[in-house]
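Undergrad: Before I ask anything, let me first share the structure, which is written out below as structure tokens.
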Amino acid sequence: MTDQQLADQPASSGTRPGREMQYVAPAQLAPDLRSIDARDRPSRNDSLTAQLSTVIGGPVGEHALIGRVRFWTPLRVLFAFTVVFLALGWATKAGCIQQTSDGAGGLMLDWNNGRQYVAMCYSDTVPLYGAERLNEGAFPYKKSWTESTPDGGTETRYMEYPVLSGLYQYVAMQLGNVWDHLPVPGALSVVVYFNVVALGLAMGWLVTVWASSRLAGRRVWDAALIAISPLVIVHAFTNFDALATAFAATGLLAWARRKPVLAGILLGLGGAAKLYPLLLLGPILVLCLRADPMRRTPAARAGLRLRDIDGIDGVRTWIKETPARTHLFALRPLGAATLAIVAAAGTWIAVNLPIAVLYPEGWREFFRLNTTRHADPDSIYNVITSFTGWGGFDGELAHGQPPTVLNTVSLLLFLAACAGIAYLALTAARRPRLAQLCFLVVAAFLLTNKVWSPQYSLWLVPLAVLALPHRRILLAWMTIDALVWVPRMYYYLGEDAKGLPEQWFTGTVVLRDLAVLGLCALIVHEIVRPQDDLVRRDFVDDPAGGILDRAPDPLLPWLPQFLRPRPACTSSRPAAMVE
């Protein structure tokens, strides 16, 4: 009999009229009844998670005390998920580190008959060990070598990765050499190197999950989508991008905790590993521009001004006051954004400058290759060529000749997309969340860029989960993106080796691009109609916003009318009914 049926029993059934029913608890109540009731409970409000939860006993109880489990905390559960999927990711690459006899009593990698494509285990880290001369123990950017070009000439080559990624490869190589000299089971040096690299990348992805779970606020379980993403299985160890995602996620976490200088340092380190963490500074600047009152506060005028310094004592006083002045400056949104940008630029310069000074040619190699590189197989420009036979913006080019028109068009399209995103951020009735704009900017970069390497999709995973926590939609996109790997490998295998024609691969690229565009459209919809944003329910503003979270939203009278916030889109229907 249910509680309602008991309550509806007539008084003659043993309860006096006007007297409340007496309930007996099945056990003594806990002395401490504190509960994190604000935390999202996906097993109760998401049908997919509710069905999956039956494996461990079903959805959490309606009257359960949330946040009281001692060992299996959300973070430990997320780490367990992450380790399992990282192990699966390593297993998918293990086929490419199998060893076989070289016929002379030694060992060699078993990449015979296109094994790396047939087994779909290809990873850049394996061929780069020899291609970047790491097997010679040489220092990146200092070591050079000569390669033949398609036109019969030769060219001098250097390490082709950004400084931090190149140094990571060098450190991994040195650690692998240490392993080879220990009294432990050995293997080919490239196999040991791959495993050392994979261990570091796994740590990077664990850091990404940790930081994202903290950025998610009350929706901590959303980070499970980062841990169990199909893209982790396919691309966690394809290249070195997990390093950049770790710096990007921790940089955003530092910003969320109102530490703009630390945020800038971490994003600058990420920019020294891959470019995209620096792109996140754009949304920070635009949102702070909107939130800043554009007037000097009395506190901002405190301390000695530069123009008042009249001697060495004045310089000492100004230096002593700098920490307090920086703190006061960071209290303003635009001041915090400025500190983050300056810290990011300073960090990037500090990492790159020694290499640029000591080995200028090696340092420029990354920029030279990206300038002369043609449209990547994954780019929208190559997709058009694949289906139409279009010769590209620049036509046939000699080896080493940069595609100037393609570079210009790609840059202009990205800048136009950024301008549109900035316009949306400034004119939306309610200030967008930081994660929403970050996803839009990175997605615009990938969609308009001439290069979209497969592992770049990892950049979008944490941002997508924070910006649009719709589990079914995100899993659908991640699955589509991960499955692009299958026709890619068989396209690289070649039709003469029973591979696939190019159109099978480029067709799946179109599906992936459409899926990413769909995510962008949904995010724009939630920016325009914030009442449909799952994150902003229960009076939440912007968990990752830092100084922007719950900050006043001024009317921006200093901007032209067409750049000011517009009235909110309203509807007489409930939010759940708005189409």
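Here the Cβ of each residue, glycine as well, is placed from N, Cα and C on the backbone.
Unlike curated records, TrEMBL annotations are generated automatically.
Residues annotated as compositional bias 'Polar residues' in TrEMBL: 1-15. Taken from TrEMBL, the feature region 'Disordered' applies to 1-24. Annotation source TrEMBL lists transmembrane segment at 75-92, 190-211, 223-256, 262-289, 334-359, 405-426, 433-453.
Relative to the rest of the structure, where do these features sit?
TA: Residues 77-79, 81-82, 85-86, 88-90, 92-93, 122-125, 161, 164-165, 168-169, 194, 197-198, 200-205, 207-209, 211-216, 262-267, 269-270, 273-274, 276-277, 280, 284, 340, 434-435, 438, 453-459, 461-462, 465, 469, 471, 474-475, 478-479, 481-482, 485, 543-546, 549 of the same chain lie 6 or more positions beyond the ends of the transmembrane segment (223-256) yet place their CB under 8 Å from a CB of it.
Remote same-chain partners of the transmembrane segment (262-289), defined as residues 6 or more beyond its termini with a Cβ less than 8 Å from a stretch Cβ, comprise 162-165, 168, 240-241, 243-244, 246-248, 250-252, 254-255, 333-334, 336-337, 339-348, 351-352, 418, 421-422, 425-426, 431-432, 434, 437-438, 440-442, 445, 456, 459, 545-548.
Within the chain carrying the transmembrane segment (334-359), a Cβ under 8 angstroms from the stretch's Cβ atoms is held by residues 141-142, 158, 163-164, 255, 258, 260-265, 267-269, 271-272, 278, 281, 284-285, 288-289, 292, 294, 300, 326, 546-547, all 6 or more beyond its ends.
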